[in-house]
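A.B. asks: This is the structure, below, for whatever I ask next.
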Amino acid sequence: MSSFKFIPKKILLLGSGELGKELVVEAKRLGLEVIAIDKYENAPAMQLADNSFVIDMSDKEILKKKIKELNPDFVVPEIEALSIEALKELEDEGINIVPNARTVEITMNRDKIRDLASKELNIKTAKFSYVFNVDELEIKSSEIGFPLLIKPLMSSSGKGQSLVNRKEDLLLAWNDALKNSRGKIVGVILEEFLNFDYEFTLLTIRKTSGENIFCEPIGHEQYKGDYQCSWQPLDMNQSLINEARKMTTKILNNLNGSGIYGVEFFVRGKEVIFSELSPRPHDTGMVTLVSQNINEFELHLRAFLNLPIPNISLLKPSATRVIISDKESNTPSYSGLNEALELENTKVLIFGKPTAKKGRRMGVVLSTDDDLNIARENADKSALKIKIVS
């Protein structure tokens, strides 16, 4: 009989959105104490956490003071908008940052993760260039070629991303990128617009032993860089899956922190092209709440808590479709829920965000079926029935 005893830990969640909320659900199943932090009151994860605080996580001293005061066993970032300097200093003092402060820093900056993948590890990416001065914009753009994408060096959920087809639109895209940029860096990344066949997420669990475990690829679609729908399994050639796993292993061997990673790729013909990486549960991975025997949130916890991870298996073909607000509201409510839930094997998750904004993700539909096409159709139909009302 094993002498190992699991002792419940205190987890501090930095960022309390919908992904954090599901992480809290799984953490509470394991008897963990969870404290949630965000910049606004009543964020989704706060509604389930043992305690919560509203602070400016981008302020180094404020963040350091609060973390020291709470003295958690693990600090688990869920967002990019936080002081990396605070995390690095706290890690040096012995605080456990998940997966580690270096990884959080690299993945929150598009230039750092792109340089690591392309220049240091020689992993195939789209052509790219950095621009830190508006006077360089036209020259660098001509080197990449049109159409191209302009993105802030630091942002999330597709904010500030633009597809530019001609040089006359460069300045507008530049201004939009800077307006939606996080952090203090004034700069953008110009990226070749790939005419890809499809894109996917490879959820990868990095154990404390250094072993990598791969979930089945998740197909997804985005609009302006923001997730719209996802499905699992994805019908793709095994040789392409193997290539994506090889690339992922190279990156994670360099980053070397335990937890789950959402690694995004494009496929163009027989090419697999690295896109982005998040060191935490991924929005496209919400499909695993119904598609896998162990969902991505529980996998994240098991990985950094050094708990066993047995075989990960697919339960049934599954799909998601997000519920997007088309209006502003300080007291959002929802119509169409009855009709949405009439479809078989379909669930609706309302995130519980206290306010609605145009384009804001307010919920997600999860659907399963023996036929993946039917699962996707039902997720789409159900999501269309739900409307945000004031």
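Note that Cβ sites are derived from N, Cα and C of the backbone, with glycine treated the same way.
Taken from Swiss-Prot, the feature N(1)-(5-phospho-beta-D-ribosyl)glycinamide binding site covers E18, L19, E78, D283, K353, R360, R361, and the record attributes it to sequence analysis. Taken from Swiss-Prot, the feature ATP binding site covers R110, K151, S156, S157, G158, K159, G160, Q161, E191, E192, F193, L194, E199, and the record attributes it to sequence analysis. The Mg(2+) binding site feature in Swiss-Prot is assigned to E264, E276; the stated evidence is sequence analysis. The domain 'ATP-grasp' annotation in Swiss-Prot covers 115-305.
For each feature listed, report its degree of burial, its nearest neighbours and the pertinent distances within the displayed model.
C.D. replies: The Cβ neighbour count for E78 (N(1)-(5-phospho-beta-D-ribosyl)glycinamide binding site), using a 10 Å radius and every protein chain shown, is 23.
Secondary structure from DSSP puts R110 (ATP binding site) in a helix.
E276 (Mg(2+) binding site) is surrounded by 18 other CB atoms, counting those within 10 A of its CB over all protein chains shown.
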A.B. asks: With E264 (Mg(2+) binding site) as the reference Cα, tell me which of the binding-site residues E18, L19, R110, G160, K353 is the closest one.
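C.D. replies: Out of the listed candidates, the nearest Cα belongs to R110.
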A.B. asks: Could you give the Cα-Cα distance between L19 (N(1)-(5-phospho-beta-D-ribosyl)glycinamide binding site) and E276 (Mg(2+) binding site), in whole Å?
C.D. replies: 18
A.B. asks: Which of the binding-site residues E276, K353, R360 has its Cα closest in space to the Cα of F193 (ATP binding site)?
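C.D. replies: It is E276, whose Cα lies nearest.
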A.B. asks: In whole Å, how far does the CA atom of D283 (N(1)-(5-phospho-beta-D-ribosyl)glycinamide binding site) lie from that of R110 (ATP binding site)?
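C.D. replies: Counting only the Cα atoms, the answer is 18 Å.
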A.B. asks: When DSSP is mapped onto helix/strand/coil, what comes out for F193 (ATP binding site)?
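C.D. replies: It is coil.
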